[in-house]
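Student: Quick one: the structure is below, and I'll ask about it shortly.
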């Protein structure tokens, strides 16, 4: 008799995706982040659901409802901080997952990669709208500044912004719709993640060498299930250390002040995971130019398969490209630091140089390094 997991219509899907899936025998811990992102998403949906039970999306009560969650709801404080810091863990995993894809040439799986880029945009949109919900100073002014960027779009810009706001400023209508979108988007992300996985399983996983592993496959369970459980335990450990010992470490103190349209905070800045893009935005003196650079800083990922000039897929055996990759990582860390600094000398020029370096590395230096390595192979 055949095992039920191989015959049952529903269990068959689970079996082919998580149990009997043929996986390369040599994938490293950098391949753990997909499952960790899945865990982050489930955690965010669950904590978010319980927060939504007590939250009110009205400008007069939003701030106090969050205070009520933290003070009066049973374990409300831990749910709130797990949700806020869970977002940070989500983005740490996201950046490492994308970085892994860049390093090992996983972007040659075109559909998987492009769905992944859409997932990144959707997650960033969700996180931005979630940051607005507590209705603190940084929530209000962050929403005002970022939505205002759309006014840079020629001809329709101003109308578009007022349409998104639901009025002539960020107000009750804006908060209510942001809550609605913040609630629905994670489910859209879940659906996209399933599509992401569907496309991945059409080709099978990449591996550190970038060479086909069809001749050397092992079942996903128990080898990678146990490996993923270890990763999950480390993720939860890191999250709980953050939640229980330093819950406000990554937040902004300004968000503990209720939103006040008459008082602008001295430094308006987004959460840490958007700072690199924010630094690129600020480094261009022109509004439309800044907005385009901001969008392109992420959208440039779509071009990665076109910019791949190397004869090898992975960077494992390409020392010059490795060097370029780690310079790019250092550049992104520099941009993240600059994004959190005030707009004054020397931060302005550092930000501008780091922004130029970012696009130069991806569009020119990395493809050039690959071409040089191709020629060195002939020697």
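Just so it is clear, glycine is given a Cβ too, placed from its N, Cα and C backbone atoms.
What you are looking at is a predicted structure, and each value in this text was computed from that prediction instead of being measured.
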Student: Labelled transmembrane segment by Swiss-Prot, one stretch among 113-133, 134-154. Can you tell me which?
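Tutor: Among 113-133, 134-154, the range Swiss-Prot annotates as transmembrane segment is 113-133.
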Student: Of the ranges 205-225, 226-246, which one does Swiss-Prot flag as transmembrane segment?
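Tutor: Range annotated as transmembrane segment by Swiss-Prot: 226-246.
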Student: Sort out the residues at least 6 away from either end of the transmembrane segment (77-98), same chain, that have Cβ-Cβ distances under 8 Å to it, and list them.
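Tutor: Same-chain contacts beyond the flanks: 30, 33-34, 36-37, 40-41, 43-44, 47-48, 50-51, 66, 69-71, 116, 120, 123, 127, 130, 235, 238-239, 242-244, 247, 250-251, 271-273, 301.
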Student: Let me check one thing: do the transmembrane segment (113-133) and the transmembrane segment (33-53) come into contact, meaning three or more Cβ pairs under 8 Å with sequence separation of at least 6?
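Tutor: Checked: the transmembrane segment (113-133) vs the transmembrane segment (33-53), no contact.
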Student: Do we see three or more Cβ pairs under 8 Å linking the transmembrane segment (288-308) and the transmembrane segment (33-53), pairs being at least 6 apart in sequence?
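Tutor: The answer is no, given that the two segments have fewer than 3 Cβ pairs within the 8 Å cut-off.
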Student: Please give the sequence-distant neighbours of the transmembrane segment (226-246): residues at least 6 beyond its ends with Cβ less than 8 Å from one of its Cβ atoms.
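Tutor: Sequence-remote neighbours of the transmembrane segment (226-246) are 29, 32-33, 35-36, 39-40, 43, 78, 81-82, 85-86, 88-89, 93.
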Student: Considering only Cβ pairs under 8 Å, which range in 33-53, 320-340, 347-367 makes the most contacts with the transmembrane segment (178-198)?
Tutor: 33-53
Student: Can you give me the Cα-Cα distance between residue 201 (ubiquinone binding site) and residue 182 (heme b b562 binding site) in Å, rounded to a whole number?
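Tutor: Spelling it out, the Cα of residue 201 (ubiquinone binding site) and the Cα of residue 182 (heme b b562 binding site) are 29 Å apart.
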Student: Near the transmembrane segment (347-367), which residues from the same chain, at least 6 beyond its ends, have a CB less than 8 A from one of its CBs?
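Tutor: Beyond its ends, the transmembrane segment (347-367) has Cβ neighbours at 279-280, 282-284, 293, 296-297, 300, 303-304, 307-309, 321, 324-325, 327-328, 331-332, 334-335, 338-339, 341.
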